[in-house]
Amino acid sequence: MEQEKQDHTIRSMAKLGSLLTLSEDEKTFQEGKQALPVAINPYFFNLIDPKDPKDPLRRQVVPTRFEQIENRGEDIDPLEEIDHSITERLIHRYENRVAFLVTDICPLYCRHCFRRRFTGTFNGPATRRQIEEAAEYIQQHPKVKEILLTGGDMMTLSDSRIDEMVTIFRTARPDLIIRLCTRTPATWPQRITDDLIAIFKKHSTAPFYVMTQFNHPRELTEEAKIAISRFVDAGIPAMNQTVLLRGVNDSVDTLEELCNKLLANRVKPYYLFQGDLVSGTAHFRVPLIRGMEIEEELHRRLSGLAMPSYTVDLPEGGGKVPLAKCYIEGNDGQGTWKIRTPEGGVRYYQDPPSGD
Ligand SMILES: *Cc1c(COP(=O)(O)O)cnc(C)c1O
Ligand code: SF4
């Protein structure tokens, strides 16, 4: 399965240039050691409109020279994941949950990838020993209730490797909630086979959740919808994490359509991430004030179920913080709160009388 699909993946600018008319900014991207590798699989490539140089899907996968400019405040590891690493592959940043870097490989490399210090670095999948070490750690830390299997994209592993890994974690902690963090429903939906789903069903002592990353409504193809259905039909709830990306989805209309489409396909919009301060991604970031305007308008247009939480993962490992508009204007010291309505009006909310 791995091989089959990787064979026709576009892996060089030369190859890409023979298939698309590259712009000056794309042509001047320099492949090399310091760069996130180029990889675009045939499925995603075929979703790109070759006639539109500003195509939002193209922008996510075709590199430009802007990636090679470092800007103020940027860092290769702003979330300080390395400092929070327990082992080479296990990040313990929040007390009750850990992230395990299953592999650095993805079916395609997103040019906005925030984990680019690790992604595509040719480290490959975690070894059995690395998985066992992580499992031992979690066994010794019962406060850890959830594990995020992330990367890279965990679904680039073969079925048997996924089975082996899940077995090890489940054996150590049958009660552990496992989040399957994968972009394959958007980038390689054919990977989500009944055989793959059967592996998770076999290990159902505690829930799995699938955490997808759809950034644009056009990524929700018929194939993608089938991939999502397979998870949800098997009792694996689907949650989506969108990255707010300039020139891709920094428009209220686009995000409204995306969130409604996700919800209609049984995917809960979970996070809308403000871009992390990762080196070489400034051209993708949206100014905070604009992000907050978008969030405010989305809140007016979307149902509570369709509304993601607009969030930033702060630099220097500050952690995730919600950026949603605050409607509280103040309080008079007597327990009366002045609160704005989404339409711009004002209401007062009274605290209960103090006492016992
Ligand atoms: C984002 C993240 C999590 C999960 O956070 P939630 O807010 O629960 O989705 C866990 N560990 C690390 C290191 C993370 O970056
Ligand atoms: S699929 Fe995820 S890990 Fe892989 S390049 Fe894209 S954002 Fe990064």
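Each residue, glycine too, has its Cβ placed from N, Cα and C.
Annotated domain 'Radical SAM core' per TrEMBL: 92-305, in sequence order. Summarising the annotation, TrEMBL assigns [4Fe-4S] cluster binding site to C106, C110, C113. Residues annotated as N6-(pyridoxal phosphate)lysine in TrEMBL: K320.
Mapped onto this structure are the features recorded in TrEMBL.
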residue: C106; record: [4Fe-4S] cluster binding site; contacts (Cβ under 8 Å, 6+ apart): A39, C113, T119, G120, G151, G152, D153, T156, R183, T187
residue: C110; record: [4Fe-4S] cluster binding site; contacts (Cβ under 8 Å, 6+ apart): Q60, V61, R183
residue: K320; record: N6-(pyridoxal phosphate)lysine; contacts (Cβ under 8 Å, 6+ apart): T311, V312, D313, L314
Listed recorded positions adjacent to ligand 1, that is, members of C106, C110, C113, K320 whose C-beta is under 6 A away: K320
Recorded positions near ligand 2 among C106, C110, C113, K320 (Cβ under 6 Å): C106, C110, C113
Count of other CB atoms lying within 10 Å of the CB belonging to C113 ([4Fe-4S] cluster binding site): 21
Averaged pLDDT, computed only over the residues in the domain 'Radical SAM core' (92-305): 97
8 Å Cβ shell about C106, C110, C113 centroid, [4Fe-4S] cluster site members excluded: L36, L108, Y109, R111, H112, R115, R116, T119, G120, D153, R183
